[in-house]
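Per TrEMBL, the features are as follows:
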TRANSMEM  B:12-35  transmembrane segment
TRANSMEM  B:114-135  transmembrane segment
TRANSMEM  B:142-163  transmembrane segment
TRANSMEM  B:194-220  transmembrane segment
TRANSMEM  B:250-269  transmembrane segment
TRANSMEM  B:276-294  transmembrane segment
TRANSMEM  B:300-319  transmembrane segment
TRANSMEM  B:331-349  transmembrane segment
Amino acid sequence: MFETLILILDSTLRLSTPLLLACLAGLYSERSGVVDIGLEGKMLGAAFGAGAVAYLTASAWAGLAAGIAVAVGLALVHGFASITNRGNQIVSGVAINFLAAGLTALLGQAWFRQGGRTPPLPEGGRFLDIVFPFAEELRAVPVVGPIYAELLSGHNVLVYAAFLAVPLTWWALYRTRFGLRLRAVGENPAAVDTAGISVVLLRYRAVILCGVLCGIAGAYLSIAQSSGFIKDMTAGKGFIALAALIFAKWRPLNAMFACLLFGFLDAVAIRLQGQPLPGIGEVPVQVFQALPYILTVILLAGFIGKAIPPRASGIPYLKERT
Amino acid sequence: MSAGQLPRWVDFGLIPLLNLAAAFLVSGLVVLLIGESPLEAVGILVWGSLGFGEGIGFTLFYATNFIFTGLAVAVAFHAGLFNIGGEGQAYIGGLGVAWACLALDRIVPWWVTMPVAVLGAAAAGAAWAFVPAWLQARRGSHVVITTIMFNFIAASLMVYLLVNVMAKPGSMQPETRTFEAGGRLPMLNDLLPFASFGTAPVNLALVLALVAALAVWVLVWRTRLGYAIRTLGANPTAAVYAGISPARTIVVAMLISGGLAGMMAINEIMGSQHRLLIEFVSGYGFVGIAVALMGRAHPLGIVLAAILFGMLYQGGAELSFEKPAITRDMIVVIQGLVILFAGALEHMFRPTLVRIFTFARAPSATVG
């Protein structure tokens, strides 16, 4: 039983990582007042960029850089449409999801001719698991051993980076000048503008940060968790991350717990497939798949607390001109 | 005409055309990137979609889907709501069609089943749109987010139903049994003696779609309800002063929107597949967004945009057959670019055009 729990928690960490990175990405963007439903697309584009470059260069780091570059590129398109041109942010996000879904499949097939996937990555093209010192020796120790050896050790560098990004984001948001301005521009851009700070520049920086984090999330999918890009490999994770962001009420620490919860549901669903639950019987796997979305809807309805987005989110800022 | 305004033909003709041109120009660049000739690709695309009877038939078949989903998005647009849930609503609409057809197909002819199936599709789609609508109207949860969530919930629900509840007995396929003649819409090929659509599944649902487009036009511009919807979309505060209940109007507009999206299932399920199966919507709900944006939320524009997207779908299939490097994913790219340029960047060319037109008019203004 304990062993099963450790295994489920272990895969929870792995499954939460891309959600957490994308969720924090959305957090920066939406805290600055730019709604982003293109997380899915940016993640998918990054996964493809990372997979393709990691295959060609046999370097995981080059792959990661390519993934980030692709996601930042898409983020800049979103920024150009929604900040510079004051277009509808939701429409722009939808467009980015389509562009990424289409381009990755199209270019993947045109360049690699393997049904839209990249070839398996060569040696060095993947982020490998990091084994903590003495992990194997400590494995036999009861309780602490499995937690250390199985749960904490043996993940790749991006998993640790994702969880490290949580305190970093908290610090950046609540303890730096940039963070203060970022939060202010998401609540009241006119006030920030009056203070002589450029709303446009601030929002662009937030959107780029969002791209960087989405890039890492996508790279995690294709060159850390799997060995290569597969068509549509994000499979709605960007939207789960969006749900988690709402669930977390746009706060970094809550984001981590929301992503861990959604990752846990996923891990349990995989574990329980075809197995009866004591007292309930067999639960269809679709219930677990739909649960994050259902929970988010219930939260949005205000039945469990209230999710209040940043006040200026979704509204393009227009400096008054006469 | 005051400064900064443009003539109507520029607003409703030139700007959409420029946006569309930009989208196709970038699509051409993508084709170049793959190492194929964009002009040749356009040639194959146009020939594949309009060059022969069967191609036209398929183009019209796809267009039927897009008219329904495009109208669905447009009605919500007029109320100031962005219904991204067309995908889920159409999917659930399939349930309504399937229930009607499975219950009636062995007893009555198709023309008795059809009204029931249409009602079933509209009711099921509307029901799926009701919850997000109600949540937006009463609890203030944003309809965009809830409809996205409902798309995923619909997908899970349908997989569950098709695998565990509705599956054909003794079959491993997640689909219902095939409908008998009483659950099938007649093909246009059989209705029109001169038509030669070959094996294309274009069917009576096309007529239904055109009727729906006309009905939406009447509803939005010729009825009291349409006035309420447009007022709410244009200015919610003014709507309240005009005695319009925002909550009620939001719910009604979303119900109509969901119902229209659900009716897409008539074309696919009763008109072509003749059984309920997994993923029959396959993105048509999302295409509705591009169609509505391109058609400027006007039924006539939507019909034209739907035909254009029908051409892309059918011509794209032909293109991927002729040029294996250009897969059908090219359509998704074009779709994304259309949404980007016609939707999010719709005002990109505007300032330049305003400058050009003010400049052109300036001399007469100084004289006058």
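In case you wondered, yes, glycine gets a Cβ from its N, Cα and C as well.
Please treat TrEMBL annotations as automatic predictions, because they have not gone through curation.
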I'd like to know if the transmembrane segment (B:12-35) touches the transmembrane segment (B:114-135) in this structure, counting it as a touch only when three or more C-beta pairs sit under 8 Å and are separated by 6 or more positions.
no
Excluding the flanking five residues on each side, which residues at least 6 beyond the ends of the transmembrane segment (B:300-319) place their CB within less than 8 Å of a CB in that stretch?
41, 44-50, 55, 58-67, 70-71, 74, 210, 213, 217, 287, 290-292, 294, 326, 328, 330-331, 334-335
Ranking B:142-163, B:250-269, B:331-349 by Cβ pairs under 8 Å to the transmembrane segment (B:12-35), which is first?
B:331-349
Sequence-distant residues near the transmembrane segment (B:331-349) by C-beta distance (under 8 Å, 6 or more away from its ends) are 15-16, 18-20, 22-24, 26-27, 30, 283, 286-287, 289-290, 293-294, 309, 312-313, 316
